[in-house]
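Below you'll find the structure, written out as structure tokens, and then a few comments.
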Amino acid sequence: MKWRRNIGILLLAVLVAGGLGYGFWPKPVPMDMAEVSRGPLVVSLQEEGRTRVRDRYVISAPIAGYLRRITLEVGDPVTGGQVVATLEPLRSTSLDPRSRAEAQARVSAAEAAVKGAEEEVRAAGVDAELARREYDRRKRLCQVECISEEEVERAGAEARRSAARLRSAEFNVEVASSELEAARMGLRFAGTAPEGQDEQVAVRAPVDGRVLKRYLESEGVVQPGQALLEVGDPAAIEVEVDVLSADAVGIAPGTRVQLERWGGPEALEARVRRVEPVGFTKVSALGVEEQRVLVIADITSPQAQWLRLGDGYRVEARFILWEAEDVLQVPASALFREAGAWAVFTVEEGRARRRGVEVGERNGLSAEIKSGLKAGETVIAHPDNQTHDGLRVRSRS
């Protein structure tokens, strides 16, 4: 009986020891895990911007006179040559030889500006025709699968930008012609008195468009050069976005832009036309001074999609800095620095294993893996300071 009692004590001791060992044995640590996968990856920059009319013109008084009340309101359409304001000339002081020479020089300068603008139209017309032919050629090549659709889209965007530059150049000719007429009128009425009570000077719109701003609400005396109206074509819309100067370095003409939260159901496509070469200082909402740069983009989506966009409307611009369709990637949170290099923790047979990787492009959520991992492997998505090589882990979910 004694040996039976000893066996019972021994079994009890074994059970107690086993229970204690099981209780103190390290248990797998629950971790968030993710699978290394292939898929599209986009690196973008998002900033707030606003729309603006590309070509706008301030109609000013060509001479000193009494302005009759302007009946046009903001938003009213105008056509080139339409009378938008009426002036009754006032007696002006006689011009001395120097002032007359200056007035004549202004006329000569305005004539030269008209000729220069006409030359710009011819040059822009050549560029627009070349871009259109290149677009047609690339469409034909795409039909026989010699080039990709992306190249055709780029050529189409360039053709649309060239056409927009041509329209802008034609607009400048009309503006320069209007300024020439104003300069001649100023020289004509200098030092003369009105010939009769009914003599009036008609101020005409230089271009087709709409009234964007009205500077004077009531009639009264105005001086030469005083602003009366601002007109422009709301159909010729561009987008201006101010970005940090450090981010502007990565943006170039032709960069793809998506315009979101502008009020429509779908994002609009645009392309960067110009990155301003000069920055400016802006105070952020947190009171921090930032160096900013203006980036100008042209909308390339069909105009029917954004007809209701006007001047000064808010948009959110997302600049596509880099994108690819088939990219090996992991969550950006899985990466950590070790000895100046990137690394991750993979999960192998229930244990964490440290592994060095080569990282390519990154956005806020995912990172491109150039080497060190294969598709289908599992990594720890959020390693902490307690995670080490050989640690027993299990999926939290």
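Glycine too: its Cβ is placed from the backbone N, Cα and C atoms.
The coiled coil annotation in TrEMBL falls on one of the ranges 100-134, 205-239, 275-309, namely 100-134. Per DSSP, the domain 'YknX-like C-terminal permuted SH3-like' (327-394) is made up of 3 helix, 39 strand, 26 coil.
DSSP states for the domain 'Multidrug resistance protein MdtA-like alpha-helical hairpin' (127-180), grouped as helix (H, G, I), strand (E, B) and coil, give 49 helix, 0 strand, 5 coil.
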